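Encoded as structure tokens, the structure appears first; notes follow it.
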Amino acid sequence: MSSSSLLTIQNQIFLYGYSICVILGNIGNVLIVILLSRQRQNPCSIYLISLAIMNDLYLILNSFVQIFPFSYSDESLRVFIFCKLRLYLSNIFGQLAKTMLVFACIDRFMITSDRATIRALSTPKRAKRFVLLAFIFWIILPIHIPIMITINNGQCGAFDIYARIYSIYIIIFFGFIPSILLSIFGYMTYRNMKKRHIRIQPIVHNSIQRRDRNLLVIVISEVFIYVITATPLPLFLLEMMISQYILINTSIQSLQTQGFIINITYLLLMINSTAPFYIYFISSKVFRQDVKQLIKNIDQKIRRYILH
């Protein structure tokens with residue numbers, strides 16, 4: 001495939017793909033916040049609400065940049081600051097979203113434990129504290145991004161030795177750490193469920209309440225989608241780093257193909273931020289009922305407003 005054809009396909013995919021993501025994602029994440037706000041005294045709901053907010057901010061920022069490309073040819077101070085803040089804020093929102101999912105998974109592990117001391121750790125106050133600490137942590141840790149990211153030949157990004165450091169950072173903090181933690185606590189939650197003979201479908205006299213079971217289904221479903229959509233980027237970056245050491249000279253077409261693939265992996269991250277509402281709707285009967293009730297309530301309010 002020629003480079004011009006690849007560029008045309010890439011532009012079309014991004015134009016329509018990012019547009020669809022930002023529309024569906026904004027609608028879905030707002031609905032998640034509305035629906036789960038009714039359960040805001042549940043620690044897992046606090047994490048999922050925070051996750052939806054971070055996903056929405058991530059979508060808005062990245063979709064705007066992709067749909068309306070920004071020119072970095074004018075290396076003014078304003079453009080320079082925008083370049084640095086764009087990647088820095090995108091990193092904060094993306095990492096906070098992943099952290100909230102990890103926290104939600106840990107919370108489901110605690111709530112399914114047969115030990116009262118572990119279950120007692122799941123409290124709204126502690127959840128709010130962890131959200132705040134995560135926010136502070138992810139403001140501080142990626143501070144290297146606005147310091148080292150720069151503009152080179154009209155492109156905003158990581159260059160020279162920092163390009164490798166940034167790739168390692170993405171591989172570790174986007175890929176390995178979240179995936180390992182989600183796998184560990186996902187497995188431990190599953191083991192707790194087996195030990196307590198808890199099924200995903202509601203059964204009579206379960207020690208876990210209906211809403212907690214519902215949140216458990218939601219978290220497990222989202223972990224599964226996260227692994228599918230978020231791990232290709234760090235894996236491909238790892239493959240690129242290995243290839244750079246093996247292959248000294250890389251053809252222009254190979255570089256263009258690599259650029260195309262890496263952009264597709266970024267689109268998958270956008271899908272990851274778009275999908276939660278639709279995952280919840282498909283996987284949870286309780287969530288579907290809540291959505292239908294919300295739509296019914298909105299419809300009734302509109303009818304009353306029109307009639308009066």
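Here the Cβ of each residue, glycine as well, is placed from N, Cα and C on the backbone.
TrEMBL has this to say about the protein:
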TRANSMEM  13-36  transmembrane segment
DOMAIN    25-280  domain 'G-protein coupled receptors family 1 profile'
TRANSMEM  48-68  transmembrane segment
TRANSMEM  88-109  transmembrane segment
TRANSMEM  130-151  transmembrane segment
TRANSMEM  166-190  transmembrane segment
TRANSMEM  215-248  transmembrane segment
TRANSMEM  260-282  transmembrane segment
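If you look at the transmembrane segment (260-282) against the transmembrane segment (48-68), you find at least three C-beta pairs under 8 angstroms, all six or more positions apart, and that counts as contact. For the transmembrane segment (166-190), the partner stretch with the highest count of Cβ pairs under 8 angstroms, out of 13-36, 48-68, 130-151, 215-248, is 215-248. Ranked by Cβ pairs under 8 Å to the transmembrane segment (88-109), the stretches 13-36, 48-68, 215-248 are led by 48-68.
Scored by C-beta pairs under 8 angstroms, the transmembrane segment (215-248) has its highest count with 48-68, from the stretches 13-36, 48-68, 130-151. Note on the transmembrane segment (48-68): residues 14-15, 18-19, 21-22, 25-26, 29-30, 32-33, 36-37, 40, 86, 89-90, 93-94, 96-97, 100-101, 104, 131, 215, 218-219, 266, 270, 273-274, 276-277 of its chain, located 6 or more positions outside it, place their CB under 8 angstroms from a CB of the stretch. Mean per-residue pLDDT, taken over the domain 'G-protein coupled receptors family 1 profile' (25-280), amounts to 85.
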